[in-house]
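Okay, so here's the structure we're looking at.
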Amino acid sequence: MDRAVSQVALENDEREAKNTWRLIFRIAILFLTVVTLAISVASLLYSMGASTPSDLVGIPTRISRAEEKITSTLGSNQDVVDRIYKQVALESPLALLNTETTIMNAITSLSYQINGAANNSGWGAPIHDPDYIGGIGKELIVDDASDVTSFYPSAFQEHLNFIPAPTTGSGCTRIPSFDMSATHYCYTHNVILSGCRDHSHSYQYLALGVLRTSATGRVFFSTLRSINLDDTQNRKSCSVSATPLGCDMLCSKATETEEEDYNSAVPTRMVHGRLGFDGQYHEKDLDVTTLFGDWVANYPGVGGGSFIDSRVWFSVYGGLKPNSPSDTVQEGKYVIYKRYNDTCPDEQDYQIRMAKSSYKPGRFGGKRIQQAILSIKVSTSLGEDPVLTVPPNTVTLMGAEGRILTVGTSHFLYQRGSSYFSPALLYPMTVSNKTATLHSPYTFNAFTRPGSIPCQASARCPNSCVTGVYTDPYPLIFYRNHTLRGVFGTMLDGEQARLNPASAVFDSTSRSRITRVSSSSIKAAYTTSTCFKVVKTNKTYCLSIAEISNTLFGEFRIVPLLVEILKDDGVREARSG
């Protein structure tokens, strides 16, 4: 029995010994595993250049720098994306739209002409060079941010003169009128053979042409058709407009002085004429006894007309028959426009009294001098469906020469400053159902005209006078919402005398550096301006057709002054040679 017990005890001791060594082995293996893992982690961290806790302080700064780099990269990429979007979504469709508009204008013109050919009135297809597609009759400079007067005219550029000049000392060329459509331009002026003061006989020069680009890239005006209306008729105060059928012209016919005409009892004879693309001219008398039944004198505004909604629109003015319905409806109506930062010191009641009297100047026998707008349907029949709009004198000043302009989708009426208000005026105009509505005007305080006292260039109070000179502004710079910001024009930079023609860009209060024709003593008169763009080069040009003193051959020579519109912040003046 003792042996059996000893055997059992021995087996137990052996089992315990095995368990002990097994435990020691397991502990050793676990220890080695932990050590190996620690060494591996340390090696890995070392190989990766891991930071110690003390190094972790700079991590937020590094993250911020990395974030800035990423943001900058994304920003530059966004600029590229924005440019791509602007090109693809905005500029390309606009360019296509401009091209489409020009093509549609040409097709419309052709359709009119083909219909005319069917009626034996001849037809042709003049059109500007492709370089000008989308650059005529458009908002040429769209800029919300730049100072308007940072744009300025270059020195006058040499180009082909498309305007005939007098050929004798007694010859006189006066009263230029110009209009340009997407397909062609029209120009006219009056020619008097025996001095500019002769009112009894004259002839009218009328021309149709297109814009071309020379092989060296220069702009020039190419006359395709022209005619001298040298007959027994005495056309005066003519306005011209480029329409799908050619050059439509509105003229009055008179053999008496303006003062005598205003003292007569019947309206002035008026004709609607057209120079077709075939070079033939036709005209038709308007029924002035019906159209101007309340008027004693009526004249076109001299400035160009505009083709809008299948009709041609002209500015007209003249004298109303006292106590006629048209005269009575204007009784007591007036408007006072004020100079920028230079208000009239007179008592308000006195200003109102003078403003009312300004519509009835003594020079024309106390007749009310009224502004109006005439629209005529454009068809192969001349003088078709004429409609006269007489705006209220709560908007317009005393009637005067003027011009209808269309730029983009906006229409304007320029009114010469013949009354007391010297700064240039552009009335926004809307058309509907053959009639026009004028709205409160844009005024350009630095774009003044000379005038006799008390209505000189610096005048600031209402007064009764007939003075000034025709110097129209052309809408040049717009906000993106199509609101007008600035204009180009050639003013006469004098206080009372018609001297010193100077071209500039104007905003509502100031002007850019100017380009002078010559010294301040040079005599000048009417100016009319039109701007356009050579789309191929993205260069904007402005043409000012100006009456400049020409003592050797006639009193005036009509000169087409061409400038390029430049941009910078300088204030120097440019002068033509």
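Just so it is clear, glycine is given a Cβ too, placed from its N, Cα and C backbone atoms.
Looking at the stretches 124-152, 385-413, 443-471, 472-500, the one that Swiss-Prot records under the feature region 'Important for interaction with fusion/F protein' is 124-152. Per Swiss-Prot, the residue from the list ASN119, ASN433 bearing the note N-linked glycosylation site is ASN433. A C-beta separation below 8 Å, combined with a sequence spacing of at least six in one chain, links ASN341 (N-linked glycosylation site) to THR509.
In three-state terms derived from DSSP, ASN433 (N-linked glycosylation site) belongs to neither a helical nor a strand segment and is classed as coil. Looking at ASN433 (N-linked glycosylation site) and ASN538 (N-linked glycosylation site), their Cα atoms lie 37 Å from each other. For the region 'Important for interaction with fusion/F protein' (124-152), the DSSP counts in helix, strand and coil order read 6 helix, 5 strand, 18 coil. Taking the Cα atom of each, ASN538 (N-linked glycosylation site) and ASN481 (N-linked glycosylation site) are about 21 angstrom apart.
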